[in-house]
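Let me begin by presenting the structure, written as structure tokens, before commenting on it.
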């Protein structure tokens, strides 16, 4: 085996069981990784300088193919209702087969950090079969200084082999695709998928497992910081506006996806962004658009013209989940440290396609925990499913696939931190108003931004409020610059009876979903549930 690049020879591939490799390319930077990816036919060069790769049959994550080793260390720690389990023996066979599959191959290794706060960061070493995967994860995680690589000792090892195919009978998995996490031995194996997001989410999953033990709250959220040092968190599932709304020219961007909240404040887990590009426009999101025209950015499943190499961000023929991955410094107003003080505001974003939630509501600590555990949004059902109306989605903690522990662990941590630091909490509906999908309209972005500005500058906390008769939370009666009727969802509907019926239906969905958490929360959180006595 020959080595190319800088690394700590005392912690070589043998520490991960890897042997008889052809070559290992250590900690290569973007120019070298471009050369390797292009020479190997892994990717193409776009007109603006970005590297463009396709992921094949997997154009998104494979949550049903993700497994955690169930052993004495994890038996009572992992939420097994939400996490697939394999035995240590099955993992041993899988690992042995990964090692055998890697023999004679070139691998690319990156030594990186997950976590901008040194006291809580994890040193993640990522071995990849593809050069473009190596560039992707280098963009997404935090890059150590060059002179630190010689002494780098990994805490977590990820082996990413897209050409490996798992054997369900032998390995105890579901298909040829596998993401297997051994928290005890600190190894993650990814096989059968070229979707690069599996790597970053594996680091996130590991941090979500280890940090609560240290009293640190891991969060699937974006974050930004105001001119006075006031930080804000934005929770939200895909399509709710998490990336767009946190990317505010008047505030410093801390990060777009994963953060921790510890004794000193909040910190980014990552050193880059993984933004959706479908229907991306220069006018609507100029900062993100500009990254697609830069050398160093990786674009995933974006269609490019074979002659001009210009990207077509409106083309969803490969997938709706087209992405670009770039280092945070590519965003002009990004934080240089990835750290900030304790948040002053928490915003929980939902895209309510039923059109019955108000555009903003102020939450108590108990209500914030209720809605955090619920993790509600709604999506418009695709015609291929034959559904005419919206489809409710409840993803606890706004990121159920990445949460190894029971949601109450994260919910209690969040509630304690909210109380300790006197954080104002808000529920913001970026979905529909005046009716649901088909009869109403999307909440105007100018309204959402005006409401967020008022929430983040502190003025909205002093407003007059009414109690929502269906969902129980406090809704402002007026906000300067916002039409008063839009704050009263029922007033935006022409058919008041249809509004009442739709609101009642959504209330029932909340109640049915929350039954699984009732035994794990205090009475005041149970009391924060939407009130059917009025909705009936």
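Even glycines carry a Cβ here, placed using N, Cα and C.
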Can you find which of 147, 155, 160, 257 Swiss-Prot lists as binding Mn(2+) at the same site as 201, 220?
257
Please name which of the binding-site residues listed here, 61, 195, 201, 220, 323, is nearest in space to residue 240 (ATP binding site), Cα against Cα.
220
DSSP secondary structure for residue 240 (ATP binding site), reduced to helix/strand/coil, please.
coil
Tell me the Cβ contacts of residue 201 (substrate binding site) under 8 Å, same chain only and six or more apart in sequence, or just say none.
61, 401, 402
Alpha-carbon distance [residue 242 (ATP binding site); residue 220 (Mn(2+) binding site)] in Å:
10
With a 10 Å radius around each C-beta, find which of these binding-site residues (61, 220, 242, 323) has the fewest other C-beta atoms nearby.
61
Hey, of the binding-site residues listed (238, 240, 244), which one tops the CB count within 10 A?
240
